[in-house]
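The structure appears right after this line, and notes come after that.
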Amino acid sequence: MTESEGKYWTRPERRKWAGGLFFGCMALYACRTVPPLCLPIMAEEFGWDKTQSGTVLGSFFWGYTMTQFLGGYLSDKIGGDVVLPVAADFWALVTLMTPQLAYLSTDKYSTLYIVILSRVLLGLSQGMFSILWTLGMRFILVANHRKKYQLSIDSADKPIKEAREPVPWLMLLTKAGFWAPVIGHFCHANSFFILLSWAPTYFHENFPSAKGWVFNVVPWIVSMFSSILGGWLADTMIRKGYSVTFVRKFIETISLLGTAVPLILISYMSTFQGALFCVVFAVASCGLHNSGILINPQDIAPKHAGSVFGIMNMAGAIPGFVGVYMAGHILEATKSWAAVFNQTAGVCIFGCIVYILFGTGKRII
């Protein structure tokens, strides 16, 4: 394939870009997951109750949800290599200033509002990685890349635009096969974000002598392997002749029910080891979602997978602030972790039923 046919990156460039994105995503999730780890200590220091803590945790997704379409639009319009560095600089600045801003006031509510604002801004700029990473990637790969291939891109741009088809929104929005993964992803995200945000507080309160590095690290390490296992299992089943619809439903059922069951059982665990096993199993089951609903848009709308995934991902971001906040509100009202975990499990079961009944792996548009 020649450059004019679409091969704009050499192999060394692709490797550098992939490596940069890998470490950038590590930084992204580090910034996203550190606040839940610090929340138990912050809540004690600033005197926040569970509802206020839930607001702090969920406020990230107020901003995150609002930039789902804007970020994609700007990336398409002016290029992701321009958007990412600007967003990254802003995110890095917000992350750096948050601890200092929290101590600007001695008033409990002023501090709360300042931290919430910083979390919203962090969500708005969630595409940021770190200043060093983005500047390095920009100078190594991007600065000369546009000039190098601009003629090739310009010459290939016209036929690409002519071949692009508009999204048949009316047809898409009337298909049950579209709404099933949207609802299923919403239900998965609800459990994922509640576990991500509240599990550290659960262990801190119920097992104060337990080592934080164990319950904060082990579940997510296991989820890495379960994600890989899910991909291998899906590919193997499809190669053996199982339909894509069956494979997606089978893996998603394991994922959602595998999350729900241990969340119900954790209420009956009196030991740290038992509770840790339940959380590890639940988080590992969440990893299987990557080979189920998460890639379903490519099955049902191969020519418009980006648009379908954008809607699905926006729906999945809503539990980030609604579900996380409601978990805190339930904790404050009932003082019961069982109530939080049971309602989370119920949402997973509902999503599983919807996807089993209406999900599909066949093309709908």
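Backbone N, Cα and C atoms are what each Cβ position is placed from, and that goes for glycine too.
TrEMBL labels come from automatic prediction, so no person has curated them.
As given in TrEMBL:
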- 21-43: transmembrane segment (TRANSMEM)
- 55-75: transmembrane segment (TRANSMEM)
- 82-104: transmembrane segment (TRANSMEM)
- 116-141: transmembrane segment (TRANSMEM)
- 178-198: transmembrane segment (TRANSMEM)
- 218-238: transmembrane segment (TRANSMEM)
- 250-268: transmembrane segment (TRANSMEM)
- 274-295: transmembrane segment (TRANSMEM)
- 307-331: transmembrane segment (TRANSMEM)
- 337-358: transmembrane segment (TRANSMEM)
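Here the transmembrane segment (218-238) sits against the transmembrane segment (274-295); at least 3 CB pairs are under 8 Å, leaving out pairs fewer than 6 apart in sequence. A contact links the transmembrane segment (307-331) to the transmembrane segment (178-198), because at least 3 Cβ pairs that are 6 or more residues apart lie under 8 A.
When the stretches 82-104, 178-198, 337-358 are ranked by Cβ pairs under 8 Å to the transmembrane segment (21-43), first place goes to 178-198. Residues 176-177, 179-181, 183-184, 186-188, 190-191, 194, 198, 202, 206, 249, 252-253, 256-257, 259-261, 263-264, 266-267, 293, 323, 327, 330-331 of the same chain, all 6+ positions outside the transmembrane segment (337-358), place their C-beta atoms under 8 angstroms from a C-beta of that stretch.
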